[in-house]
Amino acid sequence: MARLNSKAVAAAVVLAAVVLMMAGREASAALSCGQVDSKLAPCVAYVTGRASSISKECCSGVQGLNGLARSSPDRKIACRCLKSLATSIKSINMGKVSGVPGKCGVSVPFPISMSTNCNNVN
């Protein structure tokens, strides 16, 4: 896979936090930032404005990540990864980020925002 620049990784992590907060099942393995980045890499072009439409590969990654984010600790870790990387990225379109789960058929029961407190993610 091509090496992702920090802007691309941050955009992927922003999207990851959104997806990870919605799963409710328990899992035994911890989710890693590497897994998040890998699943969401196809979404980077869309959420940074380099693509006008969301790709099937992006939605596949979002749905796959939703399946991996089964425990509260996994979702909290992903949220923290997102915040540590995404705060330095200014070109992310949060309107597009917040719309990705819905466009991919994944339901998020709360507003998507960079102000999300990762400690409150369940």
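Just so it is clear, glycine is given a Cβ too, placed from its N, Cα and C backbone atoms.
Marked as signal peptide by Swiss-Prot: 1-29.
The number of other CB atoms found within 10 A of the CB of Cys33 (disulfide bond), across every protein chain shown, is 18. Marked as disulfide bond by Swiss-Prot: Cys33-Cys81 (among others).
Taking all protein chains in view, 25 other C-beta atoms sit within 10 angstroms of the C-beta of Cys58 (disulfide bond). Annotation source Swiss-Prot lists disulfide bond at Cys43-Cys58 (among others).
According to Swiss-Prot, the feature disulfide bond maps to Cys59-Cys104 (among others), an assignment based on similarity to another entry. For Cys59 (disulfide bond), the same-chain residues lying six or more positions away in sequence with a CB closer than 8 A to its CB are Lys103, Cys104, Gly105.
The annotation disulfide bond is assigned in Swiss-Prot to Cys79-Cys118 (among others) on the grounds of similarity to another entry. In the three-state DSSP scheme, Cys118 (disulfide bond) falls into the helix class.
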Pairwise Cα distance for Cys43 (disulfide bond)/Cys33 (disulfide bond) [Å, integer]: 15
Pairwise Cα distance for Cys58 (disulfide bond)/Cys118 (disulfide bond) [Å, integer]: 24
Which listed residue (Cys43, Cys79, Cys104, Cys118) has most other Cβ within 10 Å, given these are disulfide-bonded residues: Cys43
